[in-house]
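Single-structure report; data block below.
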Amino acid sequence: MKESLKERIKLWKNLYMNAFENAVNAIPNVEGVLLAYNTNIDVIKYLNKDDLERRINQIGKERVFEVIKAPTERISSLEHLFGGILRSIKLGKAIEWFVENEEIRRYLREWGWDELRIGGQAGIMANLIGGVYRIPTIVHVPQNPKLQADLFVDGPIYVPIFEGKELKLVHPKEAVKEENELIHYIYEFPRGFQVFDIQAPRENRFIANADDYNARVYMRKEFKESFEKIAKGVELAIISGLQVLKEYYSDGTTYRDVLDRVESHLNILNRYGVRSHFEFAYTPNRLVREELIGILSKFTSVGLNEVELASIVEIIGDETLAKEVLEGHVFPIIDAINLLMDETGIDRIHLHTYGYYLALTKYRSEEVRDALLFASLAAAAKAMKGNIEKIDHVKDALSVPTNERAIVFEEELEKEFTEFENGLIDMVDRQLAFVPTKIVTSPKSTVGIGDTISSSAFVSEFAMRKS
């Protein structure tokens, strides 16, 4: 080993400080970001053991426990709701099920919440990119009721509206309509949380999704009719929310109707030289997942975690590699992102997993690594605070310890790759960037951390390379 653990940690501390300064200085140079398609209201409740046990006993513990063993993956009864919550706690896994009836939706409202936040990947990123980084941001909102509009922070955040035949960009608070409240009920639990004899192996959340619009990737009239005009005003675009697509809908439409429109949007973005990032999320439907892989070549960049990567590799046809990726070792993950780049031709792949991030690019640049470091600080700030309100919150994350376990992976990479320096590996026709992340041991919230990571890395890398 070339350096002691202490020396390596000191090296990364310096790299983190430099990356923060470089990113913050460069971010004002970004002229505009477009975010589509999913925005909603996140209702957050921190689970209480006594309250949860009381509610489960009232409806019948045995029936609820049956759902843990045989998950319904949808909610049409209280047994389904609480069975889903307990399954999420038992596995320490983020689980999201759709709420199918109004009676359960009323129950969820009456159960109440601890916090209201803007939700959906596009909505969360808008408050970060526009509200904290102060970059002009245009965000798609399927509906814009007052409850949701008030959750957008002040800053250069805009939604397109028609005034007569003229397209205008205004803050969501200036575009309120009597529209549906699209609510995702999020039940958070910490590591070690115990209910009955079930204990959470790690912190996570269960989501009861009572949102009929984002479930279909509904697009507003303004986006359908004036997308080209909207695209002309931005340099970057981040697309998300496609993971919910189904093969068929009751009105006779299919996932293909949505993807055709998405592809037409991508063609416009590419025509105007707008760099686009696709935030991949686990997509249960295999056919939809296959189609999403098929359009990756139209994007500049994709962001995903190891579970999502494995689900893609399985579709590509290497089931053995997919299983190895899920085991979490760094070399199968590197093989998998190289395979994904071979298959799609995409320029940039950003993988975020617990403890470290990787970025595989077709270009060489120290800014790729610095962007990952900046994203790690943003993620740590989000975990600590629950919500990032100012850039100083990101700076405060410099004091969070760097993950020492990831240093072991760094040492293995050094042995495997001769061209390895300060987290950058020259792979002949590609560059691989590796960074150990900041780890917050008791996060206040886990919602939106992946979106914070990917958007911060994509936007700050572009800003620094542009500078």
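Just so you know, glycine gets a Cβ as well, placed from its N, Cα and C.
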Listed alongside Glu96, Gly120, Gln121, His184, Asp451 for D-glucose in Swiss-Prot, from Asp42, Asp50, Asp392, Asp396, is Asp42
Out of Glu247, Glu306, Glu308, Glu421, Swiss-Prot lists as part of the Mg(2+) site with Glu279, Asp451 the residue Glu308
Cross-ref Swiss-Prot: ADP site His352, Thr353, Val440, Gly450; candidate in list Asn270, Asn285, Asn305, Asn403 matching that site is Asn305
DSSP says Gly450 (ADP binding site), in three-state terms, is helix
Looking at the binding-site residues His184, His352, the one with the fewest other Cβ atoms inside 10 Å is His184
Note: in the chain of Asp451 (D-glucose binding site), residues six or more apart in sequence with C-beta under 8 angstroms of its C-beta are Gln121, Ile124, Met125, Leu128, Ser240, Glu279
Filtered by Cβ under 8 Å and at least 6 apart in sequence, the residues in the chain of Asp42 (D-glucose binding site) near it are Leu116, Arg117, Ile118, Gly119, Gly120, His184, Ile186, Val447, Gly448
If you tally other C-beta atoms within 10 angstroms for each of the binding-site residues Gly120, Gly450, the top scorer is Gly120
Counting only residues outside Asp42, Glu96, Gly120, Gln121, His184, Asp451 in the same chain, those with C-beta within 8 angstroms of the D-glucose site's C-beta centroid are Asn38, Asn40, Gly119, Gly123, Ile124, Ile207, Val447, Gly448
Long-range Cβ list for Glu96 (D-glucose binding site), cut-off under 8 Å, min separation 6+ in sequence, same chain only, gives His184, Phe206, Ile207, Asn209
